[in-house]
Amino acid sequence: MPRTVSDGGEGFDDIASRSSSHRRMDSIQHGHGYKVGFPPKKSLFAEFSDAVKETFFADDPLREYKDLPKSKKIWLGLQHVFPVLGWSRDYTLGKFKGDLIAGLTIASLCIPQDIGYSKLANLPPQVGLYSSFVPPLIYAVMGSSRDIAIGPVAVVSLLLGTLLQNEIDPKTHPLEYSRLAFTATFFAGITQAALGFFRLGFIIEFLSHAAIIGFVAGAAVTIALQQLKGFLGIANFTKKTDIVSVMKSVWGNVHHGWNWQTILIGTSFLAFLLVAKYIGKKKKKLFWVSAIAPLISVIVSTFFVYITRADKHGVSIVKNIKKGINPPSASLIYFTGPYLATGFKIGAVAGMIGLTEAIAIGRTFAALKDYQIDGNKEMVALGTMNIVGSMTSCYVATGSFSRSAVNYMAGCETAVSNVVMSTVVMLTLLLITPLFKYTPNAILSSIIISAVLGLIDYQSAYLIWKVDKLDFLACLGAFFGVVFSSVEYGLLIAVAISLFKILLQVTRPRTALLGNLPRTTIYRNVEQYPDAAKVPGVLIVRVDSAIYFTNSNYVKERILRWLRDEEEQQQDQKLSKIEFLIVELSPVIDIDTSGIHALEELLKALEKRKIQLVLANPGPAVIQKLRAAKFTDLIGEDKIFLTVGDAVKKFAPKVVDNV
């Protein structure tokens, strides 16, 4: 047992105290209160390694490997790359029943959606089905989410189709267009996997939630407008996606381009799909009604078109869907030539959007079932499946919210539901694709319209408006950018406004004037707490941000402006002159040389006015840097306190005595 002061010997506490006293200015103490501590000085390498660890390895991924034999480490490493090795050991027949029902349900939803989404991407209908066959199998082995359903999605399909057709016309050069699509898919996978492997997932956080809400809603409106071509039976339709061009194209064909049989089919089944969706939302147990409604619509509409031969009367049909599973396409990817850079650019954008959607969906359902998903692991899984997909005639696949919601409500237990869905899609490709020959395009348009209407989250938009007007501006900018210009401009506006918000918050941090809450030693913002009283002769200001080169001058000027305002008010009211300025540094997590220079200028400006500068509660990084820059010597050790209350007690004792 170590001895302590109480038993007369020199224990661990005494040794620590004696060794710390040898360090120069390890702490600053006032009276009998607590002291401002200085963290031990770290070497340059230690500081750098800590910063790298906190940035890239905040979750400490190697913690579970500590103190384990080599064989166990290898097994855990394999489980990390292939999570299926972990959960498959506890897999039971009961879980398979849940996965089987969920897989069959989402398969009935995905087959008609895939055919429709491939048209959004300007690709043959079978390519949409290919993308729900191979990628889900890869994800089932490498993904960590139990609920996410993998396949093509509307927003990414539209984005890909828009960007690709700007480079190559899909009608005149279908092979080159498909090659560029596979190239973009390959680089989408490379981008996703690289972000996960190098643990750079925080990059996707630069797209704010508000901007994503607006972007997705705008894309949903654009997708719905694009479906008017198939819904109304218009043959000559604009290639532009903005609402003005689309409506001009729609009304320009009203007398000669619309087909009443097509409109009848589209309207009837759209009404059926919306009613089925309403029933599924109202009664959770009947979720399967909305899930199988698209497949029922396809079967019934195809049958009626076949027996009435409506295709002879102007009703556009799908025609032939190529039979057979995914052919290899690795040789079709552009690894050289002028389309290499184009494919990389389009793929990187599509990959980032797909990644954002998939991670958001995975986290949502993981929270509902109270389990964790590894964001970086998810990125590697999604990237790998798209790389393999690009070599097997697939285009960019990601997590689908509508299918994932159905998967969750159907009672899925593991990623085996994706395997079941993939198997059904494979059987469809091998056996029944010829049956889709007479499927009217109007029914596919109806399915897509009913699906994308759920992407318009007006409730979240209203909440954003109530909470943060600048966030709402980002939401609105992204929405109108997509609807009135194009998907890429909408995305650009979303990113630009998100970055502008970050810059605004960084360059113009909040500051607050603090006052004393009656009968306490607590000091709070006088705007938030009107009862908080200002201390006579003392001005207390709090800075609510790190002080960097981007905002250091603003922070200094803002504090001086507080001072000028208070001095003018005191002259008018004939109050006592301000003698002390206390700066509360609790929220200031860091400071750089520009920030320290700003404090030095502030100190000089105050000295001219014969006002003393006092600092309260600087954090470890801040006090360490202030000491390294010798600012602590400049201001004086007796001007740095643990709390605002300690500082007021020192310089305005009468106020404290009255508490």
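Each residue, glycine too, has its Cβ placed from N, Cα and C.
Note that TrEMBL annotation is computational and uncurated.
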Suppose you had to name the range TrEMBL annotates as transmembrane segment; which of 380-398, 532-550 would you pick?
380-398
Between the transmembrane segment (210-228) and the transmembrane segment (418-436), are there three or more C-beta pairs closer than 8 Å, counting only pairs 6 or more apart along the chain?
no
Over the domain 'STAS' (528-651), work out the mean pLDDT and round it to an integer.
92
Cβ under 8 Å to the transmembrane segment (418-436), counting only same-chain residues 6 or more beyond its ends: which ones?
99-100, 102-104, 106-107, 110-111, 114-115, 125-126, 129-130, 132-134, 136-137, 139-140, 149-151, 298, 302, 318, 320-325
Could you tell me how many residues in the domain 'STAS' (528-651) are helical, how many are strand and how many are coil under DSSP?
63 helix, 21 strand, 40 coil
Ranked first among 148-165, 286-307, 346-368, 380-398 for CB pairs under 8 angstroms with the transmembrane segment (477-500):
148-165
Is the transmembrane segment (258-279) packed against any residues at least 6 beyond its ends, judged by a Cβ distance under 8 Å, and which are they?
230-234, 286, 289-290, 293-294, 297, 300-301, 304-305, 310, 313-316, 440-443, 445-447, 449-450, 453-454
Would you say the transmembrane segment (443-465) and the transmembrane segment (380-398) are touching, if the rule is that at least three C-beta pairs must lie under 8 angstroms and be 6 or more residues apart?
no
